[in-house]
Structures are given as C-alpha cells and as structure tokens.
Amino acid sequence: DILAAFRVTPQPGVPPEEAGXAVAAESSTGTWXTVWTDGLTSLDRYKGRCYKIEPIAGEENQYIAYVAYPLDLFEEGSVTNMFTSIVGNVFGFKALXALRLEDLRIPVAYVKTFQGPXHGIQVERDKLNKYGRPLLGCTIKPKLGLSAKNYGRAVYECLRGGLDFTKDDENVNSQPFMRWRDRFLFCAEAIYKAQAETGEIKGHYLSATAGTCEEMMKRAIFARELGVPIVMHDYLTGGFTANTSLAHYCRDNGLLLHIHRAMHAVIDRQKNHGXXFRVLXKALRMSGGDHIHSGTVVGKLEGERDITLGFVDLLRDDFIEKDRSRGIYFTQDWVSLPGVLPVASGGIHVXHMPALTEIFGDDSVLQFGGGTLGHPWGNRPGAVANRVALEACVQARNEGRDLASEGNEIIREATKWSPELAAACEVWKEIKFEFQAMDTL
C-alpha cells in the first residue's frame, strides 16, 4: 500500500475518527451517498483505510491520521495520478478546518514503475569529472531585464572565475527583452569559452520551462543540439506531466536536469494546511530531476535544520529510516532509483560556506546569486571568492578540522592569500536574515 500521514484539524464537534475516515474515503472510493454501482465492484479491495490516529503534542485539536491506499488505485509511473487521487479533492472538505499531507511512504513495487532522475548523483559527477566537494552555482542577476549578450557575458565571467554552473532565474523563460534562442546561443558561447580557458567542464541551467509541452521540448532539443550539459525546469508551475516527459527526454539524450521549485511555498509554507515539502521532494524524485532547491538553513529562505536535512536525505539516499525528530513519518526504500542533488540557494555568501559544507556535505550544489554578483570588484572576483572559500573549507574538513566551530577562522586564514575573498568578507560581514522558520515540527 501507499501510506499517507495527514495532519488533520477537524471542525468543532467533529470527532477525529470521523475526520480521518472522511479523508480516507474521499481520497479513494467514497462519495457522500451509497450508490447502487457499489455492488458491481469489491469496495473492500479498493477503499482507503485510516488505520491510526494520534494527537499532536502541544497542538489543540490537531491529529496525525495515517491512511493506507491499495496500490491498484494508482496508474503506474504517474505522479500526476498519485496526487490527483491522494490530495485532489479532499482538501476542500467541509468537516475539516485544515488538512496537511505530512509524508508519503511509496512502496517498492510502485517506485519501480518510475524512471526517476534523468541521471543521478554518480553519473553527474562522472559527466562533469568533479569529485570530493560540493558543486558551486550562481543565479544570474538582475533576474529580468538583461539583453542576451550581456547575460552571456555575466555567465562567462562567473564560470571563468571558478564556478561549476550558472543558472537562469526561474522567472526567465522567453520575454521581449531576451528571447530564449538568443539566450541559449550566448550562454553556450560563454560555456565553451570558459571551458577552454579553465580546462574544467562548465554548465548553465538553460530554462526549458514554457507555456506548452511542445515548446518546452523544442527548447530542450535545441539545448542538446548546442551540446550543453544541463537544462532546467520549474516543476510545480510546469506540472508533473511535463516534468516527467522532460526527464525521460533528458535521460535518453544525456542532458542533466536542474529543477526549480517555484510556487512551492504556496503549497508547503503553512504548518497546518497544504502538503509538506518532503512530499513534493519525493514526488520530484519519482518524476525526475537531477538537482532540486531544498532550502539553505542559513540564508534568506525558509528551512529549519532538522526538517531540511530530513528531506535532503530523502532526496539523496537509497534507504531512509523513520525519524519523527526530522519529520520523517515512514521508512522509505528507493531501491535503485537514482538520487537527487539538493541545491542550497537564497541569501547565502562566503561567510556561510563552512556551515553549508558541514550541513550539506559533498553531494550538494551551493548556489550564490547576489553572493557572487554583489562582489565589489565584479562577477569574476565574486566567483573566485566563492571557489577559494569552498576549497579552503573542504581542505580543512579533510584535515580533520571542525567546520562548525572553526569556520570563521578557516575563512579568515584563506583571505590572507585571496584578496577577492577578503573583499567579499568585508562586504557581507554584517548581512543576516534572522527570522524564525514557519514550518517547524
């Protein structure tokens, strides 16, 4: 069975058992009346069952309802159908004040019907020939308004300075100030120039996100013809059907697929209603994507440490044990489904590098937009500063030093032989984003 954990807030006067049973029925075979066609099938075989309800400590009138769905209710290899069934209708239910899908357990039999990420972590490292450290990226800013040629120039400067990737912002598709084909051509030129000068493989996440699936595939095909290593998709705004199609194309044609989670906070930000991001992340691993943004713990966007590391493990690892302290409600076995690299992005800069390296480990992408392009000397020195900071942190960690306690000292030592890093530290030493996370356990 597919198992689901719902956070249920019943309306006043509705017992939790009734609310849990209503969720199970409405998201499987139930309707509001008994119908004569019920007799033409075996409802016992197909109905969802609410098998456990537990109150949430410290919350009034909130419960975790566990529901089991028979596997035959779902089309093979379709995240779209899985979500339509489990969360399609039930969230507007009048008997509930609020409802949140906290976690899903996907059984091995269903996992095996999905291709999953286009390539996965090990294949990506082999393609890029980069091992033993996190990868570095940068979102090109300003996100809107640059011409294609100026955009390509910014890409070149960042890659030349030492970054592995640059990125289209999720808003950049094909607007009047910069059509997609022009952007693809200038970015490809920047990639090849930077590769020739550095001897390293470089990439730029060219966004294939478009208004129709046909247009999306046209952009992905053009990217492949240019010979670039990676494309990008906004998987929630683009939709799971489009995303799965693109992931299949990427595997067949040797393209890596970077996934942006634009719109996720509309769904996952509220603590008592919606769907937790760990559910969206599991769905993405099934639908397909080699990278996905997962919060930073230390930057400007939402993300508490334990919760973030919980879904980072769900993205990367083959087998994840149940661990309620990190928000993981079920043990999940991904069998041979490739892993996804978590991307830390949003309000981070060189002073965060030790913490990021310690929190996320080697299998991650650390993405600095303003933290590269905001360098007082320009884009290339900004990229140099980030690469020097990363190499210093990785070397210190490999020598057995503790990044959590010695991080500032490690960066300070590196500034002695990198004026670019010294300038970056001077600019960002006062920048902090000190707000409480909304989505806590």
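Backbone N, Cα and C define each Cβ position, glycine as well.
Quick caveat, the model's predicted, so the values are computed rather than measured.
Residues N89, T139, K143, R261, S345 are recorded by Swiss-Prot as substrate binders, and the candidate that the same record lists for that site, out of H293, H375, is H293. Spanning the listed substrate site, residues N89, T139, K143, R261, H293, S345 have a farthest Cα to Cα distance of 37 Å. Long-range Cβ proximity for K167 (Mg(2+) binding site), meaning a same-chain Cβ under 8 A and a gap of 6 or more residues, is found for G137, C138, T139, I140, H204, Y205, M232, H258, Q367, G369.
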